[in-house]
Amino acid sequence: MSSGEGGNGDDGETESGGSGGSSDADRGRGGDWRDRGRQTLDWLVNASAAQRMAISLAALVFAVIVGGILVFVSGFVATCRQPVLYIPLLGESCYNPAQVYWTMLEGAFGSTANLARTLQETTLLLFTGLSVAVAFRAGLFNVGTQGQMVLGALATGLALVPLGSVLPDSIIGMLVAIPLGLVVGAIVGGFWGFIPGAMKAYADANEVITTIMLNFVATGLAFYLVSEHLGDPGTGSVQTVPVPSVARLPPTIDGSRFSVIALVGALLVAVAIYLLYDRTVLGYELRTSGLQESAAEYSGVDAKRNVVTSMSLSGALGGIAGAVYVMMVHYRWQTGMPALGFDGIAVSVLAGNNPIGVVPAALLFGGLKSGSFAVDFALGVPGELVVVLRGLIILFVAMPEFFRMLGKYYDFGSDPEPVATDGGERR
Amino acid sequence: MSDADVLPRFVRDHRRALTLVVLLLAALTIVVTVVPGGRQTVTDVSGVITASYLASAFRLTVPIAFAAIGGIFSEKAGVINIGLEGLLIIGAFTAIVTLHFLPETTAIWVIWSAFGIAVIASAFVALLFAIVCIEFKADQVIAGLAVWLIALGLAPFASIIVWENVNSPSFVTFSTVSIPILSDLPSIGRLFVATPPVFMLIVAVPLAWYVLNRTTFGKWIEASGEDPKTLDTAGVSVRKVRYAGVVLSGVFCGIGGAGLALNVGQFVGSGETMVDGRGWIGLTAYLIGNYNPVGAFLASFLFAGLDALQIQLQQIAGYDVSSTLIGIIPYVAVVVVLAFIGRTRMPSSAGEHYESDE
């Protein structure tokens, strides 16, 4: 925090409101959440790739350990027919954490069917993870990928239904239907990202709050539209009419709903985003606009428009995740979509917000989610375990200082350059 | 200071609240004058607003307003706590799970033990959050989000472990308390018959205002968020004040969450759990109320009142109001208010780590 203007910037606020955003960074207002984002980005940028990977791995290990303890303790409370552990004085436990994680691994990669399920999750997580990462790279925290995905999925699900009677049920028809579905999802998701982006850029509304609110609005709006107006009248549940077969991505592995086309597409998008952000002028401008608005404006960049662009791009990726969900997994929109948008946050922070890093992070998280089905089915450990793990991973990645202190305490190697988690330390 | 200075200042300090009021009045005017049948609707709707409606609105205000007050203490002290929703979930779940392990009687100590343990649990989680933010210098926004996401997984997980279902069976609920004499008043008497959490809220709002504005501790909280350096120089530990602020937010959220669950006597863990976004509404309530407990309470009451209105309207024949649509009004209102006002005036050092020089 630069203390140039003194603590009580009450009146500075009104004055700077008129002079436009260029003076933004000069104002001594460390409390702004945008600075928070910048500080986060600071350590992500300042930390070397190796440090970032070490933090992610350590976060993962700690999340797994805490999750294991949770499972172990729950085992004493749960009721089951065959306790697996007996500890004198404590009693019998239903769950053995090592067995739980082993089952999870087997459930994720143990058979072709399991692998297909894992890759299906991975594909969707690639899109939501990239959605969050794109915003993060520009210093914006998009918590709204979930809502962008829900509305994107709904739009795709509705737009594709009439195509069944128009397009030939062949590869040609598919070449029209599937790109169209993606575009519709991207536009609607992008619009839902555009709103908080424009509010951030032109009204200075904090994007964390607006995106969370818009998640609730999106879920409620979709539920209302489908249950009252656009739903499948043939069923009692809140869902749309299924999309025609011409708009369904063909499964690559028999009996599964995983299409390698979607996975390859997702990987290409990851590479494209990496190139966009690290190799092009536009990418550079997008990054600096979110991180250092004033610096960007000095060099003649329209920082506000770029903030809107970043959020719209992020939303479009969330919308595409929804479109792929409809065309590859569920073949219709139904209420209660999985929380892939929030998983995307975990994927992105685990990847250090690097588009290429999102690939292994999505695979890992896809494995966790897929494996949790097996754990639930075979051992009776609630699948919600993976939701807890998701939160723990996000928590541990957010506290690199913890691992640094731990490393210092055990005297691991030389103390690395202090990572600036705090703007105040940089000066 | 002349009156001319006072008025703009009042307007400036309450921009968000005033915008909201203006927008609501504008919407009402449009409904009455433009929308066909709007006048009739407004008449019908206002007919629903009775003492019993207000009583149910007060009951629904409990979790939102307590979360909001908690958020004020934490953020004023300099730690942005967006995990309020998670703390409410912890409070609600702990209250019910405690009832599960206590004997099944309606004895008064049972429900109050559940209440107390829920508050302790929520305060404990808030303490962990404070350690993560203050000692380990975690990013407060991401860590707060993690608190919510962990609670969102942990409560249903534990529900399945304990009850083999994400929803708990039914347990005892708080019985209502009547205030003597006042509750016998005609027509408004129903307002004075309520469950204990409602009365606690009525006490907590002015108390929180008093503590923040009229006590030394309140001054410390304020300084810890606005100007930690000066507080430090004055010999008060910024760390301790921040810990106190965050733990207090846990206490308030514990009361709110336990109040919510013990009014129903059940924990619902499906979907977004029974808390269902009330913590987020609480967060926005104190932003609209400009970090003032009274303003935050009024905003919470407004949002809870909408919720209660929707429940009442469902009971009138001829009104086919979608409860989902009314349910998203608070969120839309917040987005609209933020679009008009944008920047929230946060404590200037909120979100920053403070290093003492000693």
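The chain as shown is numbered from 1 upward.
Glycine residues also receive a Cβ, built from the backbone N, Cα and C atoms like all the rest.
According to TrEMBL, the feature transmembrane segment maps to B:17-36 (among others).
TrEMBL lists B:48-70 (among others) with the feature transmembrane segment.
According to TrEMBL, the feature transmembrane segment maps to B:82-102 (among others). With a cut-off of 8 Å between Cβ atoms, the residues of this chain six or more beyond the transmembrane segment (B:82-102) that come close are 63, 67, 70-71, 110-111, 113-115, 117-119, 121-122, 125-126, 129, 140-141, 143-152, 154-155, 158-159, 162-163, 168, 171-172, 249-250, 253-258, 260-262, 265-267, 269, 273-275, 277-280, 282-283.
Per TrEMBL, transmembrane segment is recorded for B:108-134 (among others). Within the chain carrying the transmembrane segment (B:108-134), a Cβ under 8 angstroms from the stretch's Cβ atoms is held by residues 74, 79, 81, 83, 86-88, 90-92, 94-96, 98-99, 102, 140, 143-144, 147, 151, 172-174, 239, 242-243, 246-247, 249-251, 253-255, 257-259, 261-262, 353, all 6 or more beyond its ends.
Per TrEMBL, transmembrane segment is recorded for B:141-163 (among others).
Annotation comment: TrEMBL describes B:191-212 (among others) as transmembrane segment. Through the fold, the transmembrane segment (B:191-212) approaches residues 51, 54-55, 58-59, 61-62, 65-66, 69, 72-73, 76, 173-179, 182-183, 185, 218, 221-222, 252, 255-256, 258-259, 262-263, 292-294, 297 of its own chain, all at least 6 residues removed from its boundaries and within a Cβ separation under 8 Å.
Positions annotated as transmembrane segment by TrEMBL: B:246-268 (among others).
A Cβ distance under 8 Å defines the sequence-distant neighbours of the transmembrane segment (B:280-304), meaning residues of its chain 6+ beyond its ends; these are 13-17, 20, 57-58, 60-61, 63-72, 75-76, 82, 84-85, 88, 201, 204-206, 208-209, 212, 256, 329-331, 333-334, 337, 344-345, 347. Per TrEMBL, transmembrane segment is recorded for B:280-304 (among others).
Taken from TrEMBL, the feature transmembrane segment applies to B:316-341 (among others).
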What residues in the same chain, six or more past the boundaries of the transmembrane segment (B:246-268), come closer than 8 Å to it by Cβ-Cβ distance?
59, 62-67, 69-71, 73-74, 77, 79, 81, 84, 87-97, 111, 114-115, 118-127, 129-130, 133, 155, 159, 166-174, 195-198, 200-201, 204, 274-275, 278-279, 282
